[in-house]
Amino acid sequence: MTATSEPEAALGVLPRADGSAKYSHAGYTVTAAVNGPIEAQRKDENPYEAHVDVIVRPAAGVGGTRERHLESILQSSLSHIILIKNFPRSLIQIVLQVEDSPENDYVNTKLVQGNLNFAIMPALFQTAVLALLSAGVPMRATATATAVAVVFHDGVKRTVVDPSPREIEIARSVHVLAFTSHDELLLAESEGDFIVKEWDEVYETAKKICCHSAPADDGMQMALDEEAAAGPDMRHFLRSTMESKVAADLYWK
Amino acid sequence: MATISSAVGEDQPPQPSLTFTRPVFAKLSPHPYLLHTLSPSDPSVPSSRTNGRKPQEARKIQINTSSLSQAHGSALVRTGDTTVICGVRGEILPVSSIPQFRADQHKNYNYDGEDKRIEQGKKELLEYDLLVPNIELATGCAPQFLPGVPPTTLAQTVSTRVYSLLHSAGIVDVEGLRVWYTPAKRDEDKMEEDDREEEELEPEVKGYWVLYIDLLFVSFDGNPFDAAWTAVMAALRDTKLPNARWDPDREMVVCEKGEGKRLDVRGLPVACSAAVFLEKEHAEDREGDRHWILLDPDRQEEGLCKEVITAVVDCSGGQGETKIRSLEKQGGTVLGRELIRGFVGVAEERWKEVAAEMPQ
């Protein structure tokens with residue numbers, strides 16, 4: 001099953017963009033390009049801060065209202081972590097192209113869908129953060145995101161991390177949470193039918209995935225063993241991706 | 001300033017002054033003004049917002065239903081200066097127009113239990129697009145929305161959120177939208193045995209009602225989602241669809257004249273939004289910064305706040321814990337776990353206010 005696979009990422013995949021990243025996890029593959037700070041259009045110009053422009057392009061067809069909503073969510077979250085005050089009157093443009101998304105074999109997929117797609121949000125978010133890092137855009141903190149679904153199956157409640165489209169369909173509630181590297185809750189989107197207690201459990205699960213403290217060099221082996229059961233450690237993944245990219249870039253020295 | 005003052009009147013002596021009146025100050029630099037009213041220097045003055053409300057005070061809500069005569073259901077909702085009108089109109093979708101329609105899909109699940117039936121109904125609503133909300137903001141309702149332009153990001157975002165919530169909360173029962181037809185006995189069948197007839201006379205779905213839910217903002221003063229959602233709920237509860245039946249001779253769905261059956265609406269989810277106002281407007285370092293959570297923000301406050309939260313709660317189930325239908329928080333890191341938990345309590349209070357106003 002794709003959902004249990006480890007995330008994969010490559011940085012600097014597009015030669016002409018200031019920064020770019022390709023990320024795939026849980027069946028989703030997203031490529032992002034970041035350009036900025038560049039000159040802003042007159043209408044977007046803000047005398048105090050940079051305008052962050054997020055464009056989401058779906059795998060097929062043109063973006064509709066759903067993509068606009070995803071863009072507005074990403075825009076407000078990313079503007080918070082980018083140091084936008086450093087670049088007044090300029091624009092930081094983030095283009096996210098969805099390349100692949102998992103299909104649900106149980107329903108006919110419609111090309112234009114109005115309802116929210118929660119499972120894709122972490123992939124978009126993670127790719128955007130990686131591309132921003134690759135572009136060297138100054139940021140207050142990095143951020144990690146994950147999707148969690150609460151599924152009732154035969155009367156038993158289960159918490160599913162990175163749910164598949166089928167699991168989302170049968171899920172009682174679906175949640176997307178993002179945390180900054182200071183362990184602060186940056187984004188919380190939930191839908192379905194749940195109570196505060198369930199949300200607390202989801203919060204704990206998501207926090208464990210997003211904010212697992214990066215293991216120290218000597219304790220690396222031990223930490224890796226523990227993680228195997230807990231799901232992917234997003235912060236460590238972000239860090240190791242950046243480390244390997246830097247190591248590859250500085251190889252000539 | 002002196003020239004402006006002199007223009008006021010000839011009889012008054014011009015009063016050159018370097019201080020602004022309160023409304024001028026509020027317009028010129030809204031952030032310091034709101035900060036000043038929220039944290040007054042005099043401790044005896046209670047903390048309030050520019051609009052005179054307390055930080056956790058929402059605007060009073062007024063709901064009027066059945067004001068549109070041509071729609072099957074309608075509602076006019078007003079909170080402060082945000083006014084939204086919602087009309088629900090049903091149109092018949094014959095199953096022959098649905099590509100890949102499978103008639104057998106709808107037969108057996110009535111025996112599978114309530115949960116399964118609701119789940120199946122939700123899927124049907126989604127698959128055949130039986131609920132079509134649309135939001136119009138470009139009506140000259142606020143200066144920032146120019147009339148005659150393509151839908152703004154805000155309009156598209158609100159419409160996606162309404163659409164998504166309509167489906168995920170499962171408030172419309174698909175049974176109320178189906179048009180059933182039971183084939184009549186033919187004359188020659190009368191001679192045959194009873195049990196064979198029973199098999200033949202199984203009712204089948206011949207069409208669906210598609211509900212077009214149109215929202216029009218008459219005036220806009222912040223917090224569009226709460227008002228829009230309340231209008232949708234009130235309009236759906238007000239909706240009466242005419243009795244429709246399948247005419248086998250003409251092979252079409254015909255409606256009876258007069259008022260029909262009231263639409264079955266499950267639960268009463270109520271949306272409650274707030275924005276987080278930060279002490280420092282242009283600071284990068286937020287360490288030790290004070291903040292206020294402003295319930296039901298107006299247009300000016302929305303412009304000053306970046307972090308927003310919306311909780312949709314439903315307390316109509318009676319006893320037990322409040323059900324949360326949706327929770328959306330974005331744009332900042334002030335609202336952590338504890339504050340969000342507390343906010344659900346605030347949303348419960350708001351639910352009581354709105355439920356009391358909602359016509360039965």
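Any Cβ shown, glycine's included, is placed from N, Cα and C.
Helix first, then strand, then coil: DSSP counts for the compositional bias 'Polar residues' (B:38-50) stand at 1 helix, 0 strand, 12 coil. Look at TrEMBL and you will find B:38-50 tagged as compositional bias 'Polar residues'.
Averaged over the domain 'Exoribonuclease phosphorolytic' (B:57-242), the predicted model has a pLDDT of 85. Summarising the annotation, TrEMBL assigns domain 'Exoribonuclease phosphorolytic' to B:57-242.
TrEMBL lists B:1-20 (among others) with the feature region 'Disordered'.
Among the features that TrEMBL reports, region 'Disordered' is placed at B:35-58 (among others). Tertiary neighbourhood of the region 'Disordered' (B:35-58): same-chain residues 26, 79-80, 272, 277, 279, 290, 292-296, 298, 300-301, 346, 350, 353, selected by CB-CB distance under 8 Å and a gap of 6+ residues from either end.
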